[in-house]
Amino acid sequence: MLNNFERVQILSDALPFVQRFHGRTLVVKYGGSAMKNVYLKSKIIEDILFLSYIGIKVVIVHGGGPMINHWLKQVNIQPKFFNGIRVTDKDTMELVEMVLVGKVNKDLVTLLNRSSNLAVGLSGKDANLVVASSFFPDQKDNYTGKVQQVNIEIVNLLLSSGYIPVVASVASDLNGQAYNINADSVAGAIAECLNAEKLILLTDTPGIMSDINDPSSLIKYLNISQLEELKSQKIILGGMIPKVDCCIKALQGNVSSAHIIDGSVEHALLLEILTSAGIGSMLVL
């Protein structure tokens, strides 16, 4: 248990980071086990509200892989993936939209609004925030999408009014066809359009590791050339590939830094943003 001096010291140590990031924008991709565990979810909500209360603008982008897989299992549909990206047929697409927009998004908004009136739920469809196109254009019955365009005005409007946008990673193309888009990619594209200070991806791993079976091999700081080298060496594999790729694109689009951190660590966001050591991998140009 911390004594009063230690509590004050922690606040004092955080002050330079509070001053540095006040008024800046962070885009947080929320996913992984932190979505399934009620306690961890409450801590993420606390972190987001704390950051908002100290003057940091926060945008949340979420997927909902575990919940989607749960409901697919209920209707006897086998989840399919390609290089860490979900393959989405017509039946899966309908379920994905119901789960992400109708369940996960509204649950997050409700939790945030228990302690504030700040959260506003959106999907990529709202105000055409995200315009999608097919990730697999040669495949007819595949509604896995990618970000074609971002119309960021609605997010800017909400942020300027003090709200916390909560965005589900479902969007439509120009013809109104719905697509399921990887939430990391949506978060990266939104961060890029906002010129965000940070893009933060909450995952189930400590970050990027030279040995995926050894958490002590966490690499704390990497630049783009180092990331490309790790990809070529097949150290970065599977579901980590789209995460790293969206971080690289965001960095090239003037996002100052990207972070891949373990969302199962209590108060992971505050530890990464308001301490000098951080807890995950920080990616820069």
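We number each residue from 1, going along the chain as drawn.
Backbone N, Cα and C define each Cβ position, glycine as well.
Residues annotated as substrate binding site in Swiss-Prot, with sequence analysis given as evidence: GLY64, GLY65, ARG86, ASN180. Residues or ranges marked as site 'Transition state stabilizer' in Swiss-Prot: LYS29, LYS243.
In sequence order, GLY63, ILE68, THR88, VAL96, LEU100, SER169, ASN182, ALA183 are the same-chain residues whose CB sits within 8 A of the CB centroid of GLY64, GLY65, ARG86, ASN180, the residues recorded for substrate being left out. Listed in sequence order, ARG86, THR88, THR92, MET93, VAL96, GLU97, LEU100, TYR143, THR144, GLY145, SER169, VAL170 are the same-chain residues at least 6 apart in sequence whose CB falls under 8 Å from the CB of ASN180 (substrate binding site).
Mapped onto three states, the DSSP output places ARG86 (substrate binding site) in strand. When the Cα atoms are compared, GLY64 (substrate binding site) and LYS29 (site 'Transition state stabilizer') turn out to be 11 Å apart. Rounded to a whole value, the Cα-Cα separation of LYS243 (site 'Transition state stabilizer') and GLY65 (substrate binding site) is 14 Å. In the three-state DSSP reading, GLY64 (substrate binding site) counts as coil. Here the CA atom of LYS29 (site 'Transition state stabilizer') lies 13 Å from the CA atom of GLY65 (substrate binding site). Each of the recorded sites LYS29, LYS243 was scored by the number of other CB atoms within 10 Å of its CB, and the largest score is that of LYS29.
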